[in-house]
């Protein structure tokens with residue numbers, strides 16, 4: 001049985017004061033929650049501080065990006081080994097903001113995926129379509145293309161102990177969200193697409209939903225059979241809102 005994962009992506013937000021307060025509040029809010037894995041991905045400059053405050057808790061540490069190189073003359077980059085050394089476990093790659101603002105290709109993201117697997121870290125592979133692609137009926141084709149970049153280079157086995165986050169671009173930070181039925185249909189397509197290569201791998205892969213997940217819509221989303229948690233943006237910056245989402249995932253998957 002798949003174990004749900006709710007992960008907070010802090011994006012370009014944070015300060016030492018915020019890390020101190022938010023991690024303390026999260027520890028308090030989530031101390032009694034079982035049945036759902038939890039992770040947060042602060043900016044890389046605050047990973048060490050967050051790790052210190054999360055010590056002894058069930059909240060895992062994540063990161064928002066990784067470079068394809070392990071070392072060398074690559075100014076400003078952070079390697080998989082550095083993230084592993086500092087204690088990060090879940091690493092976000094392929095986020096639409098990276099694809100859009102940094103022009104990251106499917107092939108480049110597949111390289112990042114490979115580097116993370118080699119380092120025994122867990123990739124959180126973000127995929128999803130734009131509003132125009134959605135309106136043109138291309139959602140499945142876009143998701144398949146983004147997954148195939150990894151499947152074709154690394155094979156289905158690479159998705160063992162891996163997370164996929166379906167994030168429709170039109171729903172990220174917009175207040176819009178796919179309906180539970182819409183999201184479930186895409187999640188099922190993703191799982192079925194991987195199952196064409198390896199059914200057992202497809203069955204165990206965690207598929208999160210992302211895109212304006214909040215306290216109001218979380219519970220209904222998580223009742224869907226192929227939605228295994230969430231990658232949460234803005235709501236992860238408030239302990240009470242994030243905790244509601246985590247608790248909704250834990251309750252939905254236990255019932």
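Placement of Cβ uses the backbone N, Cα and C atoms for every residue, glycine included.
According to Swiss-Prot, the residue from 55, 173 that belongs to the substrate site alongside 9, 10, 11, 212, 233, 234 is 173.
In the three-state DSSP assignment, the secondary structure recorded for residue 234 (substrate binding site) is helix. When the recorded positions 10, 95, 234 are compared by Cα distance to residue 167 (active site, proton acceptor), the shortest distance belongs to 95.
For residue 212 (substrate binding site), the same-chain residues 6+ apart in sequence whose C-beta sits under 8 angstroms from its C-beta are 171, 172, 173, 174, 175, 176, 177, 233. The Cβ of residue 9 (substrate binding site) lies under 8 Å from the Cβ of 41, 62, 64, 92, 95, 210, 231, 232, 233, 236, each of these being in the same chain and 6 or more residues away along the sequence. DSSP assigns residue 10 (substrate binding site) to coil in the three-state reduction, placing it in neither a helix nor a strand. Sorting the recorded positions 11, 95 by the number of other Cβ atoms within 10 Å puts 95 first.
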